[in-house]
Amino acid sequence: MTLSILVAHDLQRVIGFENQLPWHLPNDLKHVKKLSTGHTLVMGRKTFESIGKPLPNRRNVVLTSDTSFNVEGVDVIHSIEDIYQLPGHVFIFGGQTLFEEMIDKVDDMYITVIEGKFRGDTFFPPYTFEDWEVASSVEGKLDEKNTIPHTFLHLIRKK
């Protein structure tokens, strides 16, 4: 099993505001699709509700304490420990609480750094490059639909 974080955050580590992304960046959505298609996304219930439906062509797993939570096309787990039973490449997809629980346990992180400061009420936990090696850093292309500068980082935990 490979365990990764998949996240976009701004320069202040904002990841959301009122259960939505504070920015519109189609390049990041394509990046998520490219990385996670054919694999497993694990997210908290609020993150799932912000998306509104299972993402296609990948396994969608929702971690929730709500034992009555049931959505077609979604697998439900009720504890962090259940994540370790999932096969293949597993991406931790949010939100804040799940990231806080898992940042010290993942092998690597795929981070889209949004080069701006946005209003937010949910945040990605602090991390330092002392703990992570930059495997790749690619500037996102700007165009009429992608107007916010952004960088795609792949960080691997230092041994």
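Even glycines carry a Cβ here, placed using N, Cα and C.
Residues or ranges marked as domain 'DHFR' in Swiss-Prot: 2-157.
Look at V7 (substrate binding site): DSSP puts it in a strand. Other Cβ atoms within 10 Å of the Cβ of V7 (substrate binding site), summed over all protein chains shown, number 22. Per Swiss-Prot, the feature substrate binding site maps to L6, V7, D28, S50, R58, F93; the stated evidence is a curator's inference.
Summarising the annotation, Swiss-Prot assigns NADP(+) binding site to 7-8, 15-20, 44-47, 63-66, 93-98, E101, T122.
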So what's the average pLDDT for the domain 'DHFR' (2-157)? 98
Excluding near sequence neighbours, so keeping only residues 6 or more apart in the same chain, what lies with its CB under 8 A of L63 (NADP(+) binding site)? V42, M43, G44, R45, V76, I77, H78, S79, I80, D82, I83, L98
If you measure R58 (substrate binding site) to G95 (NADP(+) binding site) at Cα, how many Å is it? 18
Residues L6, V7, D28, S50, R58, F93 binding substrate per the record - widest CA separation, whole Å: 18
Counting across all protein chains, other CB atoms within 10 angstroms of the CB of D66 (NADP(+) binding site) number 10
Counting only residues 6+ apart in the same chain, whose Cβ is under 8 Å from the Cβ of G16 (NADP(+) binding site)? P22, S50, G94, G95, Q96, G120, D121, T122
